[in-house]
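The structure appears below as structure tokens.
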Amino acid sequence: MSDLTHKIAVLGAGSWGTALAALLARHGHPTVLWGRDAAMVDTIDRTHENARYLPGIALPDSLRATTDLQAAVADATWILVVVPSHAFTETIRLIAPLRPPGAGVAWATKGFEPGSGRFLHEVARDILGPSVPLAVVTGPSFAKEVTLGLPTAITVHGDDAAFAQVVADAMHGPTFRAYTGDDMVGAELGGAMKNVLAVATGVADGMQLGLNARAGLITRGLNEMLRLAAVIGARPETLMGLAGLGDLVLTCTGDLSRNRRLGLALGRGQSLDEAIREIGQVVESVQTADEVMRQAEHHGIELPISNAVRAVLHGEITPEAGLKELLARERKPEYPQTLFT
């Protein structure tokens, strides 16, 4: 926990935005949480509870909430964006003219820009210009557990080492460890791909295929992360750390994961629409699967698990057919000889 205090604007009043805003406020930083839903934001500000996304969990009395974006970012030392990936570009555009001089921008959004498949740091850099410090906050972290003060470890990767350290220091505390790095491509890749792979393990568990199948899918899913990382310039150690393996294991095994729950529902025979309606929150994997496969096709590599998830989500094949295709694939060495060279 840093001895220095910062005024921080957290944009996005969903479960993860609320959890991070509460964490920062508890660490003594004047924190403002911005959201679009006036009724929900008013309730958070008055009652210090996000009854929709984190019911029954008390938020710090010092945490303020507002729907006024200009007021939220005014005089902010830095800004933390925590919105779904489909809203990321719009949010960055909104804050670009409002951002105080010198304020860095970090985000805990996971995914790619829908439609273009661009990494979020590319989107932010394009809109904000070359001089704004940027950082991505990622790693294995369920919002509910963070808000309850349970032990958590995350990582902050940035293109400005000093800013990444500022963000990590503000978050780091007695039960929340924050590491740093400078591989934004790898950090964002891990955070996006794990959502797709969590659907695969959820489907397998929904079909009651056993723990062996789950372990196999997680491990071969990591293989797919590493293969894509190798061709886009990410470092393998990033994917073997909190941003990759850590987030992958949590999202594939923890029932608080929306993407795993989507897979469970599909594996039990529910339709995609039924499953999303039952979850009641944004499920990033539906769009992210398309963008992952766009990247794979552009670079000419095979990602069979991710491709099967994409096909199931689009209704092109059933989960049973996807499983059959994966099991029928030609045998080959576990890792290409050139993967780590």
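For all residues, glycine too, the Cβ spot is worked out from N, Cα and C.
Listed by Swiss-Prot as binding NADPH are Ser15, Trp16, Arg36, Ala143, Arg258, Val282, Glu284; the candidate from Lys7, Lys110 that the record includes in that site is Lys110. For the binding-site residues Ser15, Ser141, Ser257, Asn259, counting C-beta atoms within 10 A of each C-beta gives the highest total at Asn259. It is 7 Å from the Cα atom of Asp247 (sn-glycerol 3-phosphate binding site) to that of Lys194 (active site, proton acceptor). Checking the recorded positions (Trp16, Arg36, Lys110, Lys194, Arg258, Val282) against Ser141 (sn-glycerol 3-phosphate binding site) with a 10 Å Cα-Cα cut-off leaves Trp16. Taking a C-beta cut-off of under 8 angstroms and a sequence separation of 6 or more, Arg36 (NADPH binding site) has the following same-chain neighbours: Ala13, Thr67.
Put simply, Lys194 (active site, proton acceptor) is 9 Å from Lys110 (NADPH binding site) when counted between their Cα atoms. Across the annotated binding residues for NADPH (Ser15, Trp16, Arg36, Lys110, Ala143, Arg258, Val282, Glu284), the two most widely spaced Cα atoms sit 22 Å apart.
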